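One structure is given here, and the rest of the page talks about it.
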Amino acid sequence: MKQYLLITKPGIIFGNLISVAGGFFLASRGDIDVALFLATAIGISLVIASGCVLNNYIDRDIDSKMERTRNRVLVRGLIPARNAAIYGYLLGIAGIALLYATTNMLTVWLSLFGFAIYVGAYSLYLKRNSVYGTLIGSLSGAAPPVIGYCAVSNEFDMGAVILLIIFSLWQMPHSYAIAIFRLKDYTAAAIPVLPVKKGILATKKHIVLYIVAFVIAAVMLTLSGYTGNHYLVVAGVISIYWLGLALAGYKTNNDQIWAKKLFMFSIITITALSVMMSIDFKEPHKDGVWVAARMPSIIEHQVKVD
């Protein structure tokens, strides 16, 4: 059973759940439907787990060529490949069924879109054949917070658009940093990521440009009236620091160590933004004016329902 758990990549699921919560609480604006949140979290976790299992199934040949992945479950033959594929499909069906039964069709379609991009477009073709695989794949990585948001709003509004842009832009330097400090692995497996095809210097330039765009997108949540000034300060400071780390790459003597630091801080950055949009959202006042709101209380919600 342990192997069937490991193949779902629990760490990736947990990281995505943080962003799902960010989008969900942002859209809830203090009026949290606990049952809906749990159903959304479990449903999208199953869909993500399905994608991870099927990605492992598809990548088992190239995983054997990379030091980082050569000990994965399917590479070592700890689970039959056919069983893994069936397991992956069942997880996906269960996740979509739960979302269909408890959320709305927009959430279901967004989940299917993210799954199709990751498994169909990225894993099956783009990862092995195109330098643009990271760019297209970023859409699937940006889907979870948008799904969380739309599970509440049932509307693909400006808030959903901004979330999609923020998390898509974040994916790029995050993924490029991995590609740099794992450059030998990607080269050995002939995966055409940007550092392999264009070199590390070109990748550094792309990283800086994407982080600049990310900074602008991140503050748009406040400028568009979705989050308060506390979010703005945290997003601004942490994003600028991340940009500073990226610029430091031009002077580094060790690209692998620098890229690993950039990667680790990218996780801190997106986690901080997800937390802050959860607790420093804005809600429309009765007269139509946007006002800052504090962290919603589940206890208060239960009293309200009762």
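Yeah, the Cβs are placed from backbone N, Cα and C, and that goes for glycine too.
Swiss-Prot lists 5-25, 34-54, 85-105, 106-126, 131-151, 161-181, 207-227, 230-250, 261-281 with the feature transmembrane segment.
Contact counts against the transmembrane segment (85-105), taken as Cβ pairs under 8 Å, peak for 34-54 among the stretches 34-54, 131-151, 161-181. Listed by sequence, the residues of this chain that lie at least six past the ends of the transmembrane segment (106-126) yet keep a Cβ under 8 A from its Cβ atoms are 40, 43-44, 47, 50-51, 54-55, 58-59, 92, 95-96, 99-100, 132-133, 136-137, 139-141, 143-144, 146-147, 150-151, 154-156.
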